[in-house]
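Novice: Have a look at the structure that comes next, please.
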Amino acid sequence: MGKITCLEEGFAEVQTLVSCCPRLEHFALKKHQKVAKELELKVKICKEWEELKIKEHELKEMIELKKEILDLKLHKELEEIKCKREACEAHLHEELEEFKEKAELIGHAINPIEKIKRGFQEFKIHFEEKKEYYEKLAECHKPKFLIFSDCDSRVDPCKILNLELGEAMVVRNVGCLVAAYGQEGTCPSAHAAIEYAVKELKVEHLLVIGHTKCDAIQSLMKAHHGEKSDFSEHFSNWLKIGEHTCKQVKEVHSSKSFEEQCTVCEKECVNLSMQNLLTYPFVQEAVAAKKISIHAGYYDMHSCAFDHWSLDFNYTEIRNYH
């Protein structure tokens with residue numbers, strides 16, 4: 001703006017000279033036009049300069065805004081990448097742990113002694129965590145349950161029902177069969193267990209648990225379908241406990257498939273074992289006095305389902321735990 005002021009002053013000087021000397025009017029007019037053009041040009045330049053400064057300011061603001069937006073976008077993308085990386089790491093960790101477990105299982109399968117050692121060491125950690133409980137347990141044996149279960153390695157009643165040590169006394173045999181009183185033979189181990197549990201330990205519940213795909217029951221059914229067995233006389237004599245029940249199932253359910261007959265027979269043999277428990281005089285007395293209840297369970301290995309019913313069997317009273 002300083003230059004424009006100078007031009008204005010120069011123009012004023014020309015006007016003064018013209019007033020003093022009229023001959024200079026033509027020269028003054030040209031000078032005036034020149035100064036006017038220069039002034040107009042300078043004004044235009046100043047205006048454009050101001051506009052450029054405004055545009056520069058606007059551009060700076062726009063750049064800052066775009067920078068902020070870009071920073072936010074980059075931050076969001078970084079967070080997403082971080083989340084994906086963490087998820088990936090967690091997944092890889094799970095796969096690694098699974099691989100380690102499989103490797104350990106393979107190693108234990110090759111070295112069963114190591115499996116026993118590792119198993120006890122893990123139990124000892126659990127023991128130390130609940131030391132007070134196990135110290136009391138060592139001094140007192142008062143289980144609430146006497147459970148009869150098949151000796152199948154896939155069917156551990158304490159694991160299936162999540163029972164702690166000391167909560168249940170367990171009798172396991174082939175087929176989960178309980179012989180009637182006096183019919184077990186010269187070495188009645190089940191009789192001894194029942195008597196000890198009822199008379200000495202005062203258990204409150206007797207529970208018989210059958211399961212799907214029971215090899216013993218299938219052997220019985222195969223015999224009734226004319227298939228020969230490779231098992232010894234001792235094995236066959238033991239399974240005779242459920243032979244009559246198996247025969248009845250085949251007659252009543254002859255229209256069903258072999259697998260369906262086996263499923264029915266597995267459950268009916270559980271009912272037979274419950275009824276046989278009542279042939280023991282001391283069990284009869286305890287049930288009559290309402291000191292003991294008798295129950296049945298049926299574990300489905302495929303669907304991880306558990307059916308539970310009481311001695312007075314009624315299909316409408318079956319409780320399904322899925």
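Positions of Cβ are set from backbone N, Cα and C atoms, glycine also.
So TrEMBL lists these for the protein:
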type	residues	note
BINDING	Asp152, His211, Cys214	Zn(2+) binding site
Novice: Does anything in the same chain, at least 6 positions from His211 (Zn(2+) binding site), have a Cβ under 8 Å from its Cβ, and if so what?
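Specialist: Expected: Asp150, Asp152, Arg154, Val155, Cys176, Glu266, Tyr298, Tyr299, Asp300, Met301.
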Novice: What are the sequence-distant neighbours of Cys214 (Zn(2+) binding site), meaning same chain, six or more residues apart, C-beta distance under 8 angstroms?
Specialist: Asp150, Asp152, Gly175, Cys176, Cys262, Glu266
